[in-house]
């Protein structure tokens, strides 16, 4: 009996170790199907909405112009949170290595471009429009994979791409027509910042300029990172740690060179009456980035990549609605139609990717050896 009790206790300890290992590394196992799928899906959606709303709040100040400083602070908080959680034994990732850092540094520079253009576009665009236009990144990534990785775009995937473009056109039409009528101040900035471009561009909202740059840099970042991960063998947490750590010096130098650190400008960006709350929001948004990474891994582990892609498509609706609720983004026929079409496009894309994976799996030869065993 004592041996049985000891054996049972040993098995329980092994189970705890395995669960902890799965949590730390983000790996999946055969018991993942038994995990409740509601909690990770809800947490992922909540973290995504929270991250978008907080970032929108931070950059929506009337005189806010220190985006590099903002992103440097967020990355610093993110690294501190990840390192602390590692010390507590909740997650695991490789220690800092200069060789890995040199190999990964170009990816971090691209990431700086992604998050900077994203923050600038979110500063000028409403959350629904920003969310809809992010779909265009999917198209660029898909055709980048066709060119560099031998990927394939199916007919149903192409239909989803067309719907994404249509939703973006509808959103831009509704947003720009309203901006030109009321005289959006961003139009004036576009005219001065893009003075060398044709006069037509000067009439557009500068947010779309940053949005298109964000889509292009995001696609380049994802495609380049896919190649580099194969060389370094990074896990999800390794990627997050090195991305944020290596982006800190780049963002700090960019802030010192390109941004005004004078007392008056700092006061305009961080007014005394809201300074403490604004700094808290910045720190919170940095910590929320860790939540996004963990809930993403949790959602994929507890469900499947297909379910995760479906959740990502469905999540666009509440994210867009959050802008209308918290920031008073206009609820017009054009904006609602654009969100609805973008929502449907995401669903079609998720279904198309699911069908493509099934077709590819069915075409793979059976590699399990089948042999008669005779005694």
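Heads up, the Cβ atoms here are built off N, Cα and C, so glycines get one too.
The shown structure was predicted, so the numbers you read here are calculated from the model rather than taken from an experiment.
Per TrEMBL, the listed range annotated as transmembrane segment is 207-225 (candidates: 188-206, 207-225). Looking at the stretches 11-28, 101-118, the one that TrEMBL records under the feature transmembrane segment is 101-118. Stretch with the most C-beta contacts under 8 angstroms to the transmembrane segment (66-89), considering only 101-118, 155-174, 207-225, 237-257: 237-257. With respect to Cβ pairs under 8 Å, the transmembrane segment (333-352) is most closely packed against 155-174, considering the stretches 101-118, 155-174, 207-225, 237-257.
Spatially, the transmembrane segment (237-257) is not adjacent to the transmembrane segment (124-143); fewer than three Cβ-Cβ distances between them are under 8 Å for residues at least 6 apart in sequence. Using a Cβ-Cβ cut-off under 8 Å and counting only residues 6 or more beyond its ends in the same chain, the transmembrane segment (207-225) has close neighbours at 106-107, 110-111, 113-114, 117-118, 120-121, 123-125, 129-130, 133-134, 136-137, 140-141, 144-145, 148, 172, 176, 186, 190, 193-194, 201, 239.
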